[in-house]
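Peer 1: Have a look at the structure that comes next, please.
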Amino acid sequence: MAQQGGSSSSGGSRILSGGSINVSPMKPLASLKVLVVDDEPMIRTIHKAQLVRAGINDVEVAANGKDAVDLHVNGATFDLILMDLHMPIMDGCQATKKLRAMGVKSSIVGVTSSGGAEKTAFLASGLDDCVSKPFVLQQIAHYLKVPRSPTNPPKYHNP
Amino acid sequence: MDVIQMQRTWVEYTKSLYREGFLDSQFAQLQLLQDESNPDFVVEVVSLFFEDSERLLNELTKVIDQQQGVDFKKVDAHVHQLKGSSSSIGAQRVKNACVAFRSFCDEQNIEGSLRCLHQVKQEYFLVKNKLENLFSLERKIVAAGGSVPTEELNFL
């Protein structure tokens, strides 16, 4: 999947347009930290099991956007955040905007069965991508392989 | 019934659930996630689905029973959630009933919504009964010293 700035990946390095090289070592799956944000206990259970089966041992869950933001306020960091859209207290859109405003540079992938204008607005809130619920691991495989770096901004972020 | 007969019954019963459209490939994905380290995964997830669905069906009944001044935005939100969760566990007929329901919500059609609510409830209780039978058979197989033959589901 192409990143902004016309970058392409080759093994552990990323060559940016203009010829500079940004070397970002790949993190092994077992050392990745993933946050699953969804108000439905069943969905959190399924997503966590999928990630653990893929080899990711550090999977944290949050039941709404506010809990996800609070985790970050308290110093937690994640390689990947899987964000539901419709949640009580704080929805996925608001949470994503807040996290990006806080300077969170983790990959944030929206997981929703919504479409149309709702999905477009969700993407524009700062997501790197949006997949349908229920997702299959292949849809987020890219985000489990590509590490986040300061020169690799979120794909849809509108500052 | 001995273990081998129970295992055959389990395979045929499971195949029938897919053949008759009660379950789709998403349920098979859940079965694949179950292993020795997570032996009760499917039962756990399905139990959460039952809890969630019955809460949503109760909420839907309350809102639609009002007849006058029905908040269709609320109805649609509940049906959307039920559609999402039934889709996530592979309860295909429940999911399809929810899809039909949403179109009546869009039209703000009370009679159509009432019919759909009845249909969704029917499909939900049917699949609940089928899954409870399936899990009961699995418990009997394990109690008799056998294992659930998920490897036989290679037709999926």
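Heads up, residue numbers simply count up from 1 along the chain you see.
Cβ from N, Cα, C; glycine included.
Bear in mind that TrEMBL entries carry predicted annotations, made automatically and left uncurated.
Dumping what TrEMBL says about this protein:
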type	residues	note
DOMAIN	A:33-148	domain 'Response regulatory'
MOD_RES	A:Asp84	4-aspartylphosphate
Peer 1: Non-local Cβ contacts of the residue listed as '4-aspartylphosphate' (under 8 Å, 6 or more apart, same chain)?
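Peer 2: Sequence-distant Cβ neighbours: A:Val37, A:Asp38, A:Asp39, A:Glu40, A:Ile43, A:Gly92, A:Gly110, A:Val111, A:Thr112, A:Lys133.
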Peer 1: On the 0 to 100 pLDDT scale, where does the domain 'Response regulatory' (A:33-148) sit on average?
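Peer 2: Mean pLDDT, the domain 'Response regulatory' (A:33-148): 91.
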Peer 1: May I have the DSSP-based helix, strand and coil counts for the residues of the domain 'Response regulatory' (A:33-148)?
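Peer 2: Tallied per class, the domain 'Response regulatory' (A:33-148) gives 51 helix, 23 strand, 42 coil.
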